[in-house]
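Student: This is the structure I want to talk about, given as structure tokens.
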Amino acid sequence: MVEASLRVSGSTNPISGRIVANGAKNSALPIMAACLLLNGSVVLAGMPDLRDVTVMSELITSLGGRISFLRNTKEKANHKVEINCDNLHNWAIPHEITSQMRASCLTLGPILTRMGRAEVALPGGCSIGSRPLDMHIWALQKLGAKVEVCGNYVKCSSSGKLVGCHIDFQSVSVGATENALMAAVMAHGTTTISNAAIEPEVADLAHFLVKAGAQISGIGTRTLQICGVQQLSGPSHTIIRDRMEAGTYALAAISTGGSVHIAGVTSEMLGCLAHELEGMGGKVTDVPDGLVVLRHSPQINPVVLHTAPYPGFPSDMQAQFAATACLARGTSQIHEHVFDRRFSYARELAKMGADIHVQGNTASIRGVDKLHGASVQAPDLRASAALLIAGLSAQGVTTISNVQTLYRGYEAMEEKLRACGAEVELVR
């Protein structure tokens, strides 16, 4: 994507309006990868039109798959995609594709299962610390694959079908759980995955595979049991809505003292985010077609957050909460326990007048009376969203460069915010 900037005029209008929640990127990408396992065409509804989805489409096409995209131009969300992988003819994915998206590593298990071998360049995506593939590789080896890392490539092969086994992860990993699950669904015998990730997006992948004919029990628990089947056939499936996107728009409303109606999600789907939004001074109310989030208290309250695997507080939301906490009455603390080096946004918020200090895995944020517009640079996807929230509540104009990272996770965000009264302009 061409380098772009956002020009944000803050402190003009509170965010107020209706936004339709999109399908979850963190569900869409592994489900697209799982389509590599299936016979026949798959129809996926609720698909977000994001840069990462485009890259995954290019990846599947490079292997011989066919993809057609039917866009929902009215809502600019929840599109339909048809994927057919009947005629795969390639098992190697070049660095030009994988360097753009970390989720490319999720294709290791499916390609290996389908083709008997896989070669995937080490993935890219946001630079938010060390996210090694060790657990992915270990799980595939447990299933009988031969795996070696040669330079920048992971090479996998198997002499026959993978064989079911017991995979006991030493720590919780969403990606490794998903890779192991996809590799196990057509393995010979039974596989048990212990200490599995239980994020809603992992459960969505499992439910999709069950629709395709997989035999999986324990969905939504720390122990998954998979009985391998001979083949899987393409179902229709609707991707769950994006709780990270919904939480981001909710914080934009709280930061600006506004109100946003988010269609398609519930407070239950937000999980602990709903509790933390209310703790900051917001009010979260379920309505027939979604929920309404508004600023309930006259001031923003400080928070203490500890990121953790689901059902704990998601690491993907801490930057946005940090931006909102910059204007809180008091001192907030955010403790990052999932990824290292995920406070790269702190220096940029400080340019806007934030009183934020990072020591180790903890950011301390003392609320200030106001933020001021500045020229800042977005270091990664969620930091982009955080800087946009800060810009909306700052006085003056904020210019956010490198904002193309934003569109890895948020579709037409500036258009949706403009419809809610924000003054936001995309500059290419």
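Even glycines carry a Cβ here, placed using N, Cα and C.
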Student: Name the residue, out of Asp86, Asp316, Asp355, that Swiss-Prot lists for the same UDP-N-acetyl-alpha-D-glucosamine site as Arg102, Val338, please.
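Tutor: When Swiss-Prot describes the UDP-N-acetyl-alpha-D-glucosamine site, the candidate it includes is Asp316.
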Student: Tell me, how many other CB atoms lie within 10 A of the CB of Arg102 (UDP-N-acetyl-alpha-D-glucosamine binding site), whichever protein chain they belong to?
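Tutor: A 10 Å sphere around the Cβ of Arg102 (UDP-N-acetyl-alpha-D-glucosamine binding site) contains 21 other Cβ atoms.
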Student: With H, G and I counted as helix, E and B as strand and the rest as coil, say where DSSP puts Lys25 (phosphoenolpyruvate binding site).
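Tutor: The three-state answer is helix.
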Student: Can you tell me how many other Cβ atoms are located within 10 Å of the Cβ belonging to Val338 (UDP-N-acetyl-alpha-D-glucosamine binding site)?
Tutor: 21
Student: In whole Å, how far does the CA atom of Lys25 (phosphoenolpyruvate binding site) lie from that of Val338 (UDP-N-acetyl-alpha-D-glucosamine binding site)?
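Tutor: If we compare the Cα positions of Lys25 (phosphoenolpyruvate binding site) and Val338 (UDP-N-acetyl-alpha-D-glucosamine binding site), the gap is 19 Å.
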Student: Out of Asn26, Asp316, give me whichever of these binding-site residues has the highest number of other Cβ atoms within 10 Å.
Tutor: Asn26
Student: Distance between Arg102 (UDP-N-acetyl-alpha-D-glucosamine binding site) and Asn26 (phosphoenolpyruvate binding site) at the Cα atoms, whole Å?
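Tutor: A Cα-Cα distance of 11 Å.
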